[in-house]
Each structure stands twice: as structure tokens, then as C-alpha cells.
Amino acid sequence: MNQGKRVGIIGAGNVGATVAYSLAMLGSCHEIILRDNKIDVAKGKALDMSQAAAAVRSHTIVSVAEEMADLTNCDVVVVTAGSPRLPGMSRDDLLMINANITKDVIAGVAKYSPDAIIIMVSNPLDAMTYVALKESGFDRSRVIGMAGILDSARMASFIQEKLGYGGGQIRASVMGGHGDDMVPLARYSTVAGVPLTDLMSTSEINEIVIRTRNGGAEIVGHLKTGSAYYAPAKATALMVEAILKDTKQIHPCAVFLEGEYGHSDVVSGVPVMLGANGAEKIIEISLDESEKIMFEGSCNSVRTLIDTLNKNKFFDKGE
């Protein structure tokens with residue numbers, strides 16, 4: 001059904017490679033093209049994945065783009081490229097470094113795969129999605145950030161752990177930015193259709209909300225030398241599949257807002273309908289006053305990052 005579909009993945013580290021592996025095992029597309037500065041590493045991973053695909057009789061080919069020019073005519077491009085935060089590096093330093101990496105990468109995507117849908121995974125996620133949108137010149141429906149599916153999955157996992165039942169039947173809902181200011185919505189979270197608020201006390205729900213906000217940091221604390229990649233990669237692969245298969249399913253994703261939820265010129269996580277044209281529709285759900293305040297705070301955190309980029313003349317042309 002998906003013969004001929006091409007997916008480019010820029011950044012073949014843990015997240016990028018695991019996205020590729022997940023898609024290859026499912027046979028979601030005809031070809032996956034890895035692009036990484038470490039070309040030999042990318043080639044080794046591509047060979048390994050191609051052989052794994054052969055083992056499960058998947059038709060998917062995994063190849064390597066030695067140059068951006070080899071990343072042509074992709075239907076979807078996943079961007080995971082970026083620098084981790086190193087000792088002595090401020091958050092603003094990291095923001096500028098990754099914004100410049102994103103700018104370079106997106107210029108190549110816009111040139112060689114001008115009809116692609118871009119899925120951003122690089123951090124800080126919401127700000128990098130904003131950069132990708134501005135630098136590509138694409139319609140906002142074709143530049144989407146991966147965050148909400150991951151954060152919702154983390155919340156669902158914590159709910160199952162706390163309850164001790166309901167695995168596979170939990171629908172957790174998270175909005176807002178991918179960070180400390182995300183907005184987990186217990187009111188819209190259910191277990192087999194039963195509202196979470198009927199199954200847990202307010203204090204238990206608050207514990208889960210706090211743990212969800214710190215979900216990534218909790219994993220880093222255990223790993224010591226790395227960060228999460230299985231769940232982020234699976235969340236990304238789900239987005240790719242929804243687009244390639246034109247499922248029209250609703251998923252929480254980071255998109256550019258133009259008045260939705262009362263906010264504009266900012267990227268934040270909201271429910272969207274994913275299909276062949278990307279984020280085809282933004283779903284506006286009703287929020288109570290406290291949820292609106294939390295969502296506004298989340299958007300303002302992203303605006304602070306955008307302001308930092310503007311102060312550094314990042315978007316000025318010709319410099």
C-alpha cells in the first residue's frame with residue numbers, strides 16, 4: 001500500500017536510528033534514508049537494519065545519504081539532529097547551537113524535498129519546530145513537532161503503574177510545550193472510557209502529573225550518560241505512519257498556532273488530525289480556567305526562547 005514512499009531521517013543517533021528500525025520492521029514505507037555527519041556509522045546501522053528487515057520479510061530498504069543532495073523527494077523527513085547540553089553550556093548557548101543546526105538542515109530539506117512533511121524531534125522541541133517552520137517557508141501543516149504522543153504515553157504508563165490494571169486501555173492527554181510547563185489533562189484522561197478522576201484521588205493524580213513533567217529527567221537519572229530514545233522513537237514512528245497511511249487520527253503534536261486557544265505566533269502541543277497533508281486540522285477542546293492559565297504559561301515559556309532567538313538576530317536575513 002505504501003510502495004514508493006520515502007522517509008528521510010536526519011540524525012542517526014539513538015532516536016533517529018530507532019525510528020528507522022521501527023519503520024523498517026513494520027514495512028511502513030519503501031525506503032528509509034539515513035543522513036548523519038558520521039557517514040560510516042550511518043552505513044553500518046543501515047546495513048544492520050536492512051538485514052533485520054530481510055529477517056522479517058519486510059520490503060523496506062534502508063540506505064544512507066552521504067550528502068543532503070541525496071535526500072531527495074522524501075514524503076516525510078524526521079529531524080533528530082542537534083547537540084546535547086554539555087558541561088558549562090547555558091540553555092541559551094544550547095538554544096543557539098541547535099537553532100543553527102536546524103537552520104542548516106532545514107535549508108537542505110526545503111531544497112531537495114520541497115514537498116515533504118517535516119517532523120521535528122530536536123530539542124528544545126517547540127522552539128526548533130518554530131525555527132523549522134520559519135526557515136522552510138512551508139505551510140504550518142507540514143512542520144510538526146513530536147512531543148505530545150511521548151508525554152501522553154509516559155503519563156499512561158505511570159497511570160497503569162499506579163493503578164495496577166488497564167494496560168492498553170489508558171488514554172492520557174497532555175497539551176502544551178515539551179518541558180517543565182507541559183499541561184497534563186487529567187480531566188481528559190480515561191481508563192477503558194472511565195474518567196481518571198473517578199479512579200484516583202486528587203493527590204494521586206497530582207503525583208502522576210509531576211512525574212509526567214519530569215519523565216525525561218527520570219530516565220536520564222537512571223542512564224547517567226544518555227537520554228530516552230525507545231519511547232521518543234516509537235512516538236515519532238507513529239506520526240510517520242499516520243501521515244503515510246493518511247489515517248486522519250487525532251494525536252497531540254506541536255504545531256504553529258494562529259489564534260487557536262487564543263494564542264498566535266508560537267508553537268505548542270495541541271490535538272491535531274494527522275493525515276497525508278500533515279497536521280490537517282487543529283482540534284480545539286474546552287479548557288477550564290486553571291488549564292487555560294497553565295497552557296498560557298507553557299506558551300509563554302516557548303515565547304521566551306523565541307525572544308532569545310530574535311534578540312540574537314537569528315531570523316534576520318542576509319547576516
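Placed from the backbone N, Cα and C atoms, the Cβ positions cover glycine too.
The structure displayed is predicted, hence computed values, not measured ones.
Binding site for substrate per Swiss-Prot: Arg85, Arg91, Arg154, plus Asn123 from the candidate set Asn73, Asn100, Asn123. Cα to Cα, Asp36 (NAD(+) binding site) and Arg91 (substrate binding site) are separated by 24 Å. Here Arg91 (substrate binding site) is positioned 21 angstrom away from Gly11 (NAD(+) binding site), judged by their C-alpha atoms. Taking Cβ-Cβ distances under 8 Å and a sequence gap of 6 or more within the same chain, the neighbours of Arg154 (substrate binding site) are Thr212, Gly215, Ala231. The binding residues for NAD(+) are recorded as Gly11, Ala12, Gly13, Asn14, Val15, Gly16, Asp36, Asn98, Val121, Ser122, Asn123; their greatest pairwise CA distance is 17 Å. When secondary structure is read from DSSP and collapsed to three states, Val121 (NAD(+) binding site) falls in the coil class. Sorted by the number of other CB atoms within 10 A, the binding-site residues Gly11, Gly13 start with Gly13, the lowest.
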